[in-house]
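What follows is a short report on a single structure.
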Amino acid sequence: MSNKIFLSLNRELNILLVNKSSFSYVQVELKLFINEQHDDYFLFIMHFYLIFQSLFITYNCTEEVDDCLSNPCSEPHSLCVDQLHGYFCRCPAGYGGQECNTRVTDCIDKPCMNNGTCVLQPNGFECHCAPGFKGMTCEEDVNECLSEPCQNGAICIDGVAEYHCFCVPGFQGHNCEIDINECASQPCENNATCINEKDHYECECMVGFTGKNCEVDIAECASDPCQHGATCLEEVKGYMCLCWPGYEGPNCEVDIDECAKQPCQNGGKCLERSDPSHWELDWELSFTDVFLCFPGENCSININECESEPCQNGGSCEDEVNGYTCVCPVGFLGKVLNDKSTRDAPQDNLPGTYGPCIELSYVDVCQRASVCFYLSFSTGELCELNIDECESQPCQNGGWCEDGRASYICHCPEAPPGQLPWGGDDCEVKLYGCVGHECQNGASCLPTLQDGRHSYTCLCPYGFYDEQCSTRTTFSLSTPGFIHIQVPLKEKVRREVEHRVHHGLGLQLRFRTTLPSMLIFYRGDLDTYFLLEIVNGGLHATAFSEESELDVTFPGPVNDGDWRNVHVFLDNGVLFLLLKGPNCDKDGCTVTDVGDGEPPFQPSTAFINVYIGGAPKELLELSLSRAGFLGCIEDLIIDSKPILPQALPEEQYFELGCSKTEWCKPDPCNGHGHCVDLWTDYQCDCTRPFHGDSCSEGKNIHEETVSFSSYDIKDSHGSNFSVSFFLKSVKPDGLIFQLRRPSAGDEGEVYFSIYLRTGRVFVSSLPDSFPLTAPVFVTNGQKQFLSVEVKHTSVIFDHAGLNFGIGEIPEVTVLGGDKAYVGGLPEGWDSDRWGGHFKGCLQDVRLDSAHLDPTGWSRSDEIVYVSNESGNWTEGCISDDTCKTQPCQNGGECSITFNDFICSCQEEYTGKTCQTRVWCVSNPCIHGGVCVDLPDGYECLHNATFQGNPVQYSAGGSLAEPVSNIYMELRTRSENAVLLRASWGSNLLMVGILDFSVWVEIQTDSSMKALTLKGIRPVADGRWQRINISMADWRRKASPWIITLNGVTDVTSKQDRAGSLSFLNKKGAMLTVADSFTGCLGAVRLGGVYLPFVDDHKAPQPSQFHLLGKPKVHLGCSSAPVCESGPCLNGATCEDLFNKFGCVCDTGWEGERCEMDTDDCASQPCVYGSCKDYLGSFECHCDPGYAGTLCDEDIDECELSPCEHGGTCLDGVNMYTCLCPKDYSGPRTLSLGNYRVTCLLHDIMFSSFRCETEIDECNSNPCQNGGSCLDRFNMFVCECPPGYSGPVCDVNVCLFYLYFSWLMVVIPLLCLCVVVLIIGLTFMLLTARKKRQSEGAYSPSAQELAGARLEMDSMLKVPPEERLI
């Protein structure tokens, strides 16, 4: 600065400093001066510092300065407040700063958004945000889902100051943290163990069961375990075999030897029945295939072969010796069975093939002349051969012959149209009896020929009777009542046409009806009766008396409107029910009751009274149906007597014919329910939400902005109740249903609510209780049936047939007199805590089974609560006209959905309102580029190969945002390379590879020094790598930078910071890519803007990087052909690893080029054996006692049961041990081939290989000194000569006593000498120790007596422990 300015200001400061009250003013002037940035300002600061220092040296600072005297606060509305060592300006609204000269935004402008609270601050305001919001003005909604609170794969949906988790199946809870126990319902059967898994369960079945729930009993008999024709019976966890006589065992595998007891006497030879070698012919043995001759213990009893009644078809049997003769009736043949041999029998009367005598369990072949037995596979001896009268083909004109007993029947063929049929015994006569017949009502004519006279018979269809089928038998009962007739018990007439004839009481008829329970027939009185009725769609017949009761039931159904033929009768004390019609075969369905243990049923005289279609009231009460019959009846026969409706009493009401209206055709229920035909009317069982006589469309509530309906609860529903309804809505919040109890206030007390939050159903009871959440999103615009069931405190939510236990609430009770609100609350009431008013459609809302209906419809069989107050609801499910505002842009067509719309966009546009242009549909990319649509344009993606040929780019100032991140895709093997390089003034960007890792250097104006960052993980490995370099917080002016490799953080700059790369947007700034780089680059983006390898000036997006010049870029990623030279050996496959090859070796080879043979034995695979290496394999030579591919299996030497006589075998390594039973022995060890045998039994020695020989222990001459050896079992005994003893006579008794006398003298003397020696040694040691303590020690008293000199030569050397000085 000039000297003039400096001196002038210096003089002013000195003057001001004299006046101490102007100190703050000096500060202000100083600040202004420094901010002007004049030259030599450091000189001025030093000068001011000296003046300031002299001020405090000169004065003692005892006076308080009023800093407001200089009026530092801006006028006119600012107020200055003096403070110690300063002042404070109280600014007016809209102004701030230290001196209130800065225009600021404050709480008057209401800057805080989203219900934030504004707090006035000296420099402006501060917003205290409501929960769920943040930011300077609470403008940012806090995303509670960022912390990923939802567990187990659940979807998190952010709300306002809350979040909601949509759980995957198998989990529940606020955070989906609870694994639903699928085993809670105990699905596993038959004592199986249930294992809870995620979203499912598994059953560990007990032995004998299988299936998902272990519900299937395994069929053990499927493998046919039973042998010799035995029958297998299934059991739980097993099976049982029923053996034929002569076999036993679990599987009937043991053939019992019946001949073991030698049952044959008198020289008879026993042959076992089951031995097939005894039979010359191939035949299957059974109990009925043999005849016994001369049985008994001594073969002396003649068998009466006729006792078994062998002759068939009425033949008479004549017994003979070892045979019988059948005298056959006419039409059958037979042969004689006797004891003559084959050669003695006439050729025309051979008895058959001869063989041995057989009993049931064994065979006696009695060795007696001319005795044999006969097998029944021969022909004709039992009169079982029916003479075939059809053999001569007697039937003519195409008739086929049916053989009978001494007769035949010819079945004549049907006649072609327009020709007469054949008839007669042999179909030899033309039948013309039906020519000009008089059969009526569609009856069939059957021509007949009897005694040469031609005639015909009319075969009446159902519902007609008499010879010409002219009388109608059908009548209908359309009103409740009955027909009373009397039928004499003895009068029984046989019907001519196809009615069953029986000797008891009975009823036969055809009927049709649609009602499930009715009485058809009643006969008798109160004490004895016989009835037929329909009960729950099935047939039921009862015969009752005081002595017996018979009862039969056919489950049905028989009330489907089809005709059915039923015949119920009593015959010989048995009740029969025969039904013909649908669901029965051609012979019909038969049910009987034989009355076990009861006397035969006897009818009474009251059985003359018969009631059709009902009965008097007192009799009707005895039936189960207790209702009269409504329907049609025809072909009524009682006790084999036809009952024609023309003969019924005229005063009883019925109608001829069957007049029936098909009420359910067409469907009167409009497809919304099941039509029930009540014969004279119909009833619709409607499916929800439809109702009414014809199941018309249910009532829909179209809720508008503020709407509701309220209901008075008439009945108490207790603490177990349910609320169900159909819902259709797209509004995520709103009150659906609420219960309130009248209280002192007008609004009542809320105690149960169902409402929507974020598209899910919430359930709460008391106002302060925590709500429960259903895990299903329901506000999707689709009609859905929902149900909330409360069981005391437990709440179950039902959706689409799936039940979810969503938790517990405090117990509540629904009482009569409470009020229910649907869809919202009356105007003026607060419903915001339950999501406000509902918007959408609610249909068929029910509390338990009671309808909550705003329109007031009702039906006698249903409970309806009618609305007593409502507002702003519309009948029918009507959507808003969402296309009214024409929301679709760019030519899109609008379609209304429920309270929403869908735009059908043209091909080049997309989005909710077709607002987004789609560019790639026109295929703008060239050279095979992949087109990617952007919000404001498109980009064409290419890969490119570089070999030191860099390319340059410029943004030309087109970037909308500063560059805060760099993304690259690369593939290289370069150890060092430069990937990106840019500079502008002092700004620098460098991205490269250093020592195989990413290296970054950034220098910007906002940073004092360059930021250098080097990665850890290698990237130059020949594989594609994704590199992302970005600011940790792009919103700050400077922040740390982070390198991310393939989505994983590699390194961060931590404390070192740098700003964004905004200089790249400067005009003239250039960016160089792939400088000194060899490899491939994929997508490269700076600030999200793509760097194209092919320039496209047609792209519409404003932010672009353009290539500078016309560089030659090699598109596509390619590398050197490293596999062309075939570097891999021994059949290996070469893999191109980008400028490097890899060899995939065949089995048995290894090395970089598969040039080395692999040592397969290196891993020592043989457990107990030696390994021999081969090419690609190895072989194990096992040690003795081991086997298997890896010699890991111990050979079980006991497998062949080597131990005899019941000895127990113990397996060892390459040996076995026999534990022999009593009385058997063997050698302790014995070698046999590769086996080493050891036989043990409580230390007993045995001999021979299998312990079968007892050892002679005296063979080794164990007894000494002439002793005699006596062998005993597992031991020996020595008899010693005089003078010797011991187990082997090895002890000399005389020497023993001699040695004993000397020892008695020597031993005491030796002991005494030892004691004396010990005492002497002890005394000597004590004396030496005492002498050592008195000599050589320093003693002052002794020094005085001996003079000033002590002869140290005589001192003994003191032990170390006694050297005190």
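Don't overthink the numbers, they just go from 1 along the chain as shown.
Glycine residues also receive a Cβ, built from the backbone N, Cα and C atoms like all the rest.
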Among CYS1143, CYS1145, CYS1171, find the residue that TrEMBL gives as the disulfide bond partner of CYS1161.
CYS1171
Per TrEMBL, which of CYS118, CYS138 is disulfide-bonded to CYS129?
CYS138
For the domain 'EGF-like' (141-177), could you work out the same-chain residues 6 or more beyond its ends whose Cβ comes under 8 Å from its Cβ atoms?
114, 130-134, 198-200, 757-760, 773, 775-777, 804-806
Given CYS1154 (disulfide bond) and CYS1280 (disulfide bond), what distance in Å do their CA atoms have, once rounded to a whole number?
84
Comparing the Cα of CYS167 (disulfide bond) with the Cα atoms of the disulfide-bonded residues CYS205, CYS243, CYS914, the shortest distance belongs to CYS205
Let's check the environment of CYS1289 (disulfide bond): how many other CB atoms sit within 10 Å of its CB?
21
Which same-chain residues, if any, lie at least 6 apart from CYS176 (disulfide bond) yet have Cβ under 8 Å of it:
CYS150, GLN151, ASN152, GLY153, ALA154, CYS165, CYS167, VAL168, PRO775
Between CYS1191 (disulfide bond) and CYS1161 (disulfide bond): CA-CA distance (Å):
13
Rounded Cα separation (Å) that holds between CYS252 (disulfide bond) and CYS138 (disulfide bond)
90
How many other Cβ atoms are found within 10 Å of the Cβ atom of CYS1161 (disulfide bond), counting all protein chains shown?
16
Residue counts in helix (H, G, I), strand (E, B) and coil for the domain 'EGF-like' (1194-1230), per DSSP?
4 helix, 12 strand, 21 coil
Measure the Cβ-based neighbour count of CYS205 (disulfide bond), defined as the other Cβ atoms within 10 Å of its Cβ.
21
Relative to the Cβ position of CYS1154 (disulfide bond), how many further Cβ atoms are located within 10 Å?
22
